[in-house]
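Report on one structure; see the data block that follows.
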Amino acid sequence: VVLRPGGVSRQQDSMGGADGLALASDPGGTLNFLAMVENLQGDSGRGYYLEMLIGTPPQALNILVDTGSSNFAVAGVPDPDVTSYFNTALSSTYKSQGIDVTVKYSQGSWTGVLGTDVITIPKGISGSYTINIATILESENFFLPGVKWHGILGLAYDALAKPSSSVETFFDSIVRQAKIPNIFSLQMCGAGLPVSGSGTNGGSLVLGGIEPTLYRGDIWYTPIKEEWYYQVEVLKLEVGGQNLELDCREYNADKAIVDSGTTLLRLPQKVFSAVVQAIARTSLIQEFSSGFWSGSQLACWDKTERPWSLFPKLSIYLRDENSSRSFRISVLPQLYIQPILGIGENLQCYRFGISSSTNALVIGATVMEGFYVIFDRAQRRVGFAVSPCAEVDGSPVSEIEGPFTTADVASNCVSGVSFHEPVLWIASYALMSLCGIILLVLIILLLIPPRCQHRYTDNDVVNDESSLVRHRWK
């Protein structure tokens with residue numbers, strides 16, 4: 001059982017071993033969770049990163065921690081926006097696989113080559129491990145000015161790995177080689193601190209289990225609905241204690257995920273509009289620029305003021321492992337009204353830490369900075385507990401409460417079976433192949449040459465939005 005001061009976790013069925021949680025510390029072995037505490041740096045505006053040693057002799061790089069993608073990729077050539085890169089020619093253990101990989105985004109992309117090399121994590125699990133690494137040779141709007149990281153560590157499932165799910169992910173490799181439990185946990189400490197500030201905010205990535213000093217109270221778990229992103233089921237939202245009264249399927253259109261690589265809380269358009277209206281209605285500000293809500297303008301107050309008292313609490317209800325129950329994670333305005341810029345000696349400006357989305361509800365850093373988040377892959381669940389570092393002026397800015405009944409919501413708030421499931425992809429490709437063969441036979445039999453050829457358009461290009469990179473930095 002995972003022990004913590006004052007008792008045990010509410011979930012007492014998680015024993016040590018390959019299918020559960022590791023003990024809180026293992027000083028003599030692979031796992032020493034206390035050594036992993038505060039192994040991250042960064043901020044919510046530009047991401048949290050982990051120092052990693054790659055190759056032989058080791059080259060030190062800072063790697064962005066991203067639970068919304070699945071490739072481990074590092075800068076492989078000099079770039080004006082990165083201070084370091086991985087020089088494969090200097091590593092005697094690097095082996096190129098000769099496989100090109102491209103990840104495209106609506107506003108950015110990178111192209112590289114897959115290879116393997118050994119890595120060690122100074123403040124992580126002990127030992128060296130051979131990992132698939134994509135060296136980024138070309139990129140556009142991926143590395144941005146001011147970032148202090150040189151690569152990305154995708155911690156989601158292999159279904160999102162490029163160029164195919166056959167590429168073993170970083171964490172799968174670690175679990176297999178180090179024989180650690182299939183679980184990791186994440187704490188990001190940036191509550192109330194300037195977005196895109198010094199980049200020295202602390203954080204912890206614990207590989208293989210849970211560190212009791214990183215949370216308070218109980219851990220509440222919600223099932224992972226599907227293993228690609230960390231997809232969860234959102235049942236409802238409340239603003240200032242008032243239910244938005246939307247159909248619960250609106251919250252999961254077309255998915256709800258937990259993604260450390262997204263800076264904001266992102267909401268489907270209909271949900272976003274309802275949240276903005278509710279916040280504007282319940283806040284103490286009568287007139288407020290629409291540009292603030294859309295993210296195009298900042299709101300500024302005198303530095304002696306604390307504008308957070310003007311705004312309501314925001315609560316997200318998640319389905320409990322017992323499907324007839326739910327629990328809610330709540331963030332106070334100190335987490336979603338974010339300091340970003342000081343003007344002169346008198347003014348402090350803030351941004352709205354919530355934005356609209358066309359394809360997902362994304363629990364990003366805006367919310368995650370309030371919690372210690374456990375990605376329990378072995379038991380297919382995501383856990384939330386209050387983080388001790390989620391405090392502003394000595395007061396907690398996040399809460400977890402439950403259980404609540406789910407009698408007032410549908411038994412399933414997630415849309416029907418989605419097309420990205422591997423079995424459906426295989427079936428669809430098989431059907432398309434069969435149709436193609438039949439069509440080819442018909443053309444040959446009729447001796448009719450093709451009168452026109454397909455002209456590829458932008459609609460034929462798959463835009464990989466697995467990491468939602470374009471939404472990370474504003």
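Using N, Cα and C of the backbone, Cβ positions are placed for all residues, glycine too.
These features come from TrEMBL:
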- CYS189-CYS389: disulfide bond (DISULFID)
- CYS248-CYS413: disulfide bond (DISULFID)
- CYS300-CYS349: disulfide bond (DISULFID)
- 48-385: domain 'Peptidase A1' (DOMAIN)
- ASN322: N-linked glycosylation site (CARBOHYD)
- 423-448: transmembrane segment (TRANSMEM)
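The two recorded residues, CYS300 (disulfide bond) and CYS389 (disulfide bond), show a Cα separation of 25 Å. Cα distances from CYS189 (disulfide bond) to the recorded positions CYS248, ASN322, CYS349, CYS413 are smallest for CYS349. Its own atom aside, the Cβ of CYS189 (disulfide bond) has 22 Cβ atoms within 10 angstroms in the protein chains shown.
Applying an 8 A CB threshold to same-chain residues 6+ apart, the list for CYS389 (disulfide bond) reads GLN187, CYS189, ALA191, GLY202. You'll find the Cα of CYS248 (disulfide bond) roughly 18 Å from the Cα of ASN322 (N-linked glycosylation site). Spatially close to CYS413 (disulfide bond) yet at least six residues away along the chain are GLU233, VAL234, LEU235, CYS248, ARG249, TYR251, ASN252, ARG319, judged by Cβ distances under 8 angstroms.
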